[in-house]
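Visitor: Structure in structure tokens, see below.
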Amino acid sequence: MSYFPILFFFFLKRCPSYTEPQNLTGVSEFLLLGLSEDPELQPVLAGLFLSMYLVTVLGNLLIILAVSSDSHLHTPMYFFLSNLSLADIGFTSTTVPKMIVDMQTHSRVISYEGCLTQMSFFVLFACMDDMLLSVMAYDRFVAICHPLHYRIIMNPRLCGFLILLSFFISLLDSQLHNLIMLQLTCFKDVDISNFFCDPSQLLHLRCSDTFINEMVIYFMGAIFGCLPISGILFSYYKIVSPILRVPTSDGKYKAFSTCGSHLAVVCLFYGTGLVGYLSSAVLPSPRKSMVASVMYTVVTPMLNPFIYSLRNKDIQSALCRLHGRIIKSHHLHPFCYMG
């Protein structure tokens, strides 16, 4: 997700001075597309998405707390997982709170500055998720294919470097998006066909030919769908053979369980992301394409803790030990006994 914006500069040009009257210059605000126009349905949707948002934040916070407080989880896999949880909190917090407030106030307005800010954080955290999922696939590859050298290869210095590298690439991607959008000086309309400031939707509003916009969207889908997934699938292609050679069924189950959870998250993240971007160019109804956007920005971060961690025995044991320490600190009996 970090390299394609550079190519945008070959496509994006300032709007010509002979623009037609319907083209708008100096736009100060945009109008977001709501999930429903029924005023009676707004409180129901607001309550639903508030519940999903709270589940997402609390679930990911539990993972971060469990990993940081338990020495048994101070391993590269859980270190990357806790950073993925942090990125998921930021990712969903970029769009969902604004959407809930809009539902409650029956407002669809977002300022130009607010739109660019939301877009920047959206790209930042989406790219962080993208990078971290790839890093986690590499971590599983090293753990299974090179178990004897795992601690040497995945040392704390390399783990920290991979996190910092992911962050700075994501930050660069975010700022390049900002620079690209600042090149747009006029728009055909102020209605964004999504519930947040999606970069692809903003490109649709610019004055130049929409054919280039559609090509850019397909290019984005190809780059950020095919290439990262290909890298992850290649890692798992290398992983399958060593797993099949594991002598014990328990060892095979543990390896497949870890890899299966990660692959489920990967498929959910990249699949809904690709569908969301491509459907915006294919489907005639904006509300139909918004279903994929909701899955991508709301449902996926909510399901990640359940898919990857909260069903993990190590995480459950860590949470149990943490609960026991909290109760002991209040001079009560521990919640559970861990032998």
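Cβ coordinates are placed from backbone N, Cα and C, and glycine is handled just like the others.
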Visitor: Looking at N-linked glycosylation site as annotated by Swiss-Prot, pick the matching residue from Asn23, Asn83.
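Guide: Record annotation (Swiss-Prot, N-linked glycosylation site): Asn23.
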Visitor: Gly251, Arg140 - same side of the membrane according to Swiss-Prot, yes or no?
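Guide: Topo match: yes.
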Visitor: Please list, in sequence order, the residues in the chain of Cys115 (disulfide bond) that are at least six apart in sequence and whose C-beta is under 8 Å away from its C-beta.
Guide: Glu29, Phe30, Ile192, Cys197, Leu202
Visitor: Sort out the residues at least 6 away from either end of the topological domain 'Cytoplasmic' (236-255), same chain, that have Cβ-Cβ distances under 8 Å to it, and list them.
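Guide: For the topological domain 'Cytoplasmic' (236-255), the far contacts come to 137, 140-141, 144-145, 263.
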Visitor: Cβ under 8 Å to the transmembrane segment (290-310), counting only same-chain residues 6 or more beyond its ends: which ones?
Guide: 33, 35, 49, 52-53, 55-56, 59-60, 62-63, 81, 84-85, 88-89, 91-92, 94-96, 122, 193-196, 198, 261-262, 264-265, 268-269, 272-273, 275-276, 279, 316
Visitor: Among all the protein chains here, how many other CB atoms are within 10 A of the CB of Cys207 (disulfide bond)?
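Guide: Cys207 (disulfide bond): 19 neighbouring Cβ atoms within 10 Å.
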Visitor: Just give the helix, strand and coil counts over the topological domain 'Extracellular' (94-117), going by DSSP.
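Guide: Per-class counts: 18 helix, 3 strand, 3 coil.
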Visitor: If we skip the immediate neighbours and take only residues 6+ beyond the ends of the transmembrane segment (256-276), which ones have a Cβ under 8 Å from one of its Cβ atoms?
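Guide: Cβ under 8 Å, 6 or more out: 77, 126, 129-130, 133, 136-137, 140, 144, 221, 224-225, 228-229, 232, 236, 239, 243, 289, 292-293, 295-296, 299-300, 303-304, 307-308, 311-312.
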